[in-house]
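TrEMBL has this to say about the protein:
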type: BINDING; residues: ASP6, VAL7, GLY8, ASN9, THR10, ASN11, THR12, VAL13, THR130; note: ATP binding site
type: BINDING; residues: TYR98, GLY105, ALA106, ASP107, ARG108, THR182; note: substrate binding site
type: ACT_SITE; residues: ASP107; note: active site, proton acceptor
type: BINDING; residues: ASP127; note: K(+) binding site
Amino acid sequence: MILVVDVGNTNTVIGVYVGDQLRGSWRVMSERRTSDELGLTLTGLMGAGGLGGHLEGAIISSVVPSLDGPWREAIRRYMGVEPLEVSCQLDLGIQVAYGNPAEVGADRLVNAVAGVALYGSPIAIVDLGTAITLDVVDRQGRYLGGAIAPGLVLSMETLFSRTAKLPQVSLDAPGSVIGKSTMESIRSGIIYGYAGMIDSLVDRVFVELREEFPVLATGGHASVLAEHSRHRVTVDPWLTLKGLKIIYERNRQ
């Protein structure tokens, strides 16, 4: 069994692979916790999922530095293995053609690795989480970089916290871009506005690289925005966990 852990700004996604099959996955809040709390969480989740057997190895991708140490120690003490930690120093199978490769978020590298391994290159990858990231890998398999913007929920929380009269709404697309109520107008602005932003970024990438290529989406709101994109977007909800497994296999001792 291989343990894969994706520590994001808001949520941490945990997965267990048996061979090439993802046999269990869980989502927990990325809160400040001790290594003991994280270790007990891990053993509890895996035990409840019938996955309490021998663990061969583990790999962590984290964008929350304050949680790196606790997760590393939890896996060492409670799982009995030394986890790999994603960075540009590992064998990723792609060239990182970025100004300072060490600045690239681990999650972005993982998505790029998975995108190329599973779907080929060139490819554009959109991850819709707390932040929205667009990452581009060219025809030569080089990770070029991309764009970062506030995510849907982050934008909505900011809007509601600074406007007294606006109601909180769900992330369902209204039937028309022209909202007939305040709630419909907010939903239109968020859903169609973000879909338009992503379309515009992808269009600009295509112009810059002088070719069009597949677009891949992952993250919590990928399906919602992919449905309203002008581009043909493939949604892969487990892309990051798949990428972690691929990187682990490339770097296993």
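The chain as shown is numbered from 1 upward.
The backbone N, Cα and C atoms fix where each Cβ goes, and this holds for glycine too.
Positions of the features from TrEMBL, shown on the structure.
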| residue | record | DSSP (3 states) |
| --- | --- | --- |
| ASP6 | ATP binding site | strand |
| THR12 | ATP binding site | strand |
| TYR98 | substrate binding site | coil |
| GLY105 | substrate binding site | coil |
| ASP127 | K(+) binding site | strand |
| THR182 | substrate binding site | helix |
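Within the same chain, residues at least six positions away from THR10 (ATP binding site) with a Cβ under 8 Å of its Cβ are MET29, SER30, GLY129, THR130, VAL153. Shown in sequence order, ASP6, GLY8, SER61, VAL63, ASP127, GLY129, THR133, THR240 are the residues of the chain, 6+ apart in sequence, with a C-beta less than 8 angstroms from the C-beta of ASP107 (substrate binding site). Applying an 8 A CB threshold to same-chain residues 6+ apart, the list for ARG108 (substrate binding site) reads ASP127, THR133, ASP135, GLY146. Considering only the binding-site residues GLY8, GLY105, the Cβ with the fewest other Cβ atoms within 10 Å is that of GLY105. Its Cβ placed at the centre, ASP127 (K(+) binding site) has 28 other Cβ atoms within 10 Å. In this structure, the CA atom of TYR98 (substrate binding site) is 26 Å away from the CA atom of THR12 (ATP binding site). Within 10 Å of the C-beta atom of ALA106 (substrate binding site) sit 22 other C-beta atoms, taking all shown protein chains into account. Summary for the binding-site residues THR12, THR182: the Cβ-based neighbour count within 10 Å is maximal at THR12. When the binding-site residues ASP6, TYR98, THR130 are scored by other C-beta atoms within 10 Å, ASP6 scores highest. Within 8 Å of the centroid defined by the CB atoms of ASP6, VAL7, GLY8, ASN9, THR10, ASN11, THR12, VAL13, THR130, the record's ATP site, lie the Cβ atoms of SER30, VAL63, VAL64, GLY129, excluding the listed residues themselves. Separation of the C-alpha atoms of THR12 (ATP binding site) and THR182 (substrate binding site): 33 Å, rounded to the nearest whole number.
Pairwise Cα distances among ASP6, VAL7, GLY8, ASN9, THR10, ASN11, THR12, VAL13, THR130, the recorded ATP-binding residues, top out at 13 Å.
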